[in-house]
Amino acid sequence: MALPTARPLLGSCGTPALGSLLFLLFSLGWVQPSRTLAGETGQEAAPLDGVLANPPNISSLSPRQLLGFPCAEVSGLSTERVRELAVALAQKNVKLSTEQLRCLAHRLSEPPEDLDALPLDLLLFLNPDAFSGPQACTRFFSRITKANVDLLPRGAPERQRLLPAALACWGVRGSLLSEADVRALGGLACDLPGRFVAESAEVLLPRLVSCPGPLDQDQQEAARAALQGGGPPYGPPSTWSVSTMDALRGLLPVLGQPIIRSIPQGIVAAWRQRSSRDPSWRQPERTILRPRFRREVEKTACPSGKKAREIDESLIFYKKWELEACVDAALLATQMDRVNAIPFTYEQLDVLKHKLDELYPQGYPESVIQHLGYLFLKMSPEDIRKWNVTSLETLKALLEVNKGHEMSPQAPRRPLPQVATLIDRFVKGRGQLDKDTLDTLTAFYPGYLCSLSPEELSSVPPSSIWAVRPQDLDTCDPRQLDVLYPKARLAFQNMNGSEYFVKIQSFLGGAPTEDLKALSQQNVSMDLATFMKLRTDAVLPLTVAEVQKLLGPHVEGLKAEERHRPVRDWILRQRQDDLDTLGLGLQGGIPNGYLVLDLSMQEALSGTPCLLGPGPVLTVLALLLASTLA
């Protein structure tokens, strides 16, 4: 009774409060919009009382006018006018409700000659007996194949009479079908009884995969037996691959425990990981935990005999509300290690996560976390911040699950937010980064060290530095290298010469001036890429001779970098005479006869351009004219 009231209110200039109330009712699902009032095109129906009976040409009516015709008005039209209306509806692609289609079909007392001119879905409501003879029925069911059969429920009388008529028309005898027969049946193939599934599994199972509604009990048993038998097209479950599991998605609820146990567990795990990245499986995930769903589920009792005694393969046959009602959260928590071996759908995993969330509102214990497996992919950073993760084995297990999901698409060099949060919780729980932890983290995410703050890096022991590779430091900034360099220097202190330089080279972005001076005496031949990453304040005090010794044959590269820091700033602090000794044509040094007084080294690094470098300096003429006069 709510719909007749809702329609004029929504279509009129009602009060904002009333409109908001109706919008709320629609959004909560307590009031459903009538399909007789608006089609799938989103058009609003116009009042049509008497419109159909008066115009000389129904095709002149707009789609908006045609959309909302009442059945009572159609019943007063002649057969010819009804046919004219049906043709106009098809031409203007007007989407009709089931009742409107049934009403039109009832008024078409004689079978139409031009089926192509009628709305496709209207044919579902016509009596197939009216199209007798091979040519007539073939033409009729060829059109039915393209219609939306699921507009009719499986139990509807119109749908029940279509399948036997179609089988007779296509000359099907017995239960053996060809691939051409299945194609000819279209959506009606989803209604074929179990005996057809048993005898024609090779051609029928691939069609049943895409059937929108659940199979009936007879069909399920036949499909299960066919799959367990290992015949074509899928073969024995023990030989299934990830692509086989993909192809069987629509039939997963049909699989029994013997079938599931026969599938290689590595294949199940790989398929689960691959499917989690498929957007088509992610779309409905969050809908099942909306408040309205939760309220409805909580009020539903577990059906007799379905209370779960253990977490096993039988649960994949449970509907979402049955999982919520029949699986005890405490049982789930103690048997989490079994979940990954069972091919739950991602909607079912949502229900399991919801149950754990209710059992542990303050965060999961580590005994549960370490067995989350693929359920970890459903966790948000907010969920993970409640955890206390201290076991390296737990961290390894969850990082293994995330292989293939490690990097964020928005920032490819950064891990996904939930992974970054997990690592953060682990590091805080452990208190320091030992070698085993660092090995694990850098193997998973090479840039991990550079994602830590200087304060967090201070917990890295020098002994762990041996596990750091050059690429692990690519994105570190000077503040981070300032912390890591002293640790690296301590770790490699017993090495000499070129071996020491090879190990320390990646950390030199944090080296002070005195260490660079020491390296210049060892003929290390530092490359320009490393030199350009040195701290500017550490490079500025170096003399031309020290830089020449530090770079060795690579000193010629200074010319190409003379406009970039730190080379630019270093040039501005050198005497031009000294720069000229390099023979590189470097310009911008201090002219002869000038004395430079640097008032503030800190200000000199502030970036303000001046004669002798970035920062305020006082330049005075060394041989002042006054002294000459004197």
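Along the chain as shown, the residues are counted starting at 1.
Cβ atoms here come from the backbone N, Cα and C positions, even for glycine.
Lifted from Swiss-Prot, the feature list:
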SIGNAL    1-36  signal peptide
CARBOHYD  N57  N-linked glycosylation site
MOD_RES   S200  phosphoserine
REGION    262-286  region 'Required for megakaryocyte-potentiating factor activity'
DISULFID  C302-C326  disulfide bond
CARBOHYD  N388  N-linked glycosylation site
CARBOHYD  N496  N-linked glycosylation site
CARBOHYD  N523  N-linked glycosylation site
LIPID     S606  GPI-anchor amidated serine
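If you measure from the Cα atom of C302 (disulfide bond) to that of N523 (N-linked glycosylation site), you get 79 Å. Each of the glycosylation sites N388, N496 was scored by how many other Cβ atoms lie within 10 Å of its Cβ, and the smallest score goes to N496. Closest by Cα distance to S200 (phosphoserine), from the recorded positions C326, N388, N496, N523, is C326. Cα of C326 (disulfide bond) to Cα of N388 (N-linked glycosylation site): a span of 29 Å.
When the Cα atoms are compared, N388 (N-linked glycosylation site) and N496 (N-linked glycosylation site) turn out to be 43 Å apart.
The 10 Å shell around the Cβ of the residue listed as 'phosphoserine' contains 23 further Cβ atoms across the protein chains shown. The secondary structure of C326 (disulfide bond), as reduced to three states from DSSP, is helical. Taking Cβ-Cβ distances under 8 Å and a sequence gap of 6 or more within the same chain, the neighbours of N523 (N-linked glycosylation site) are K549, G552.
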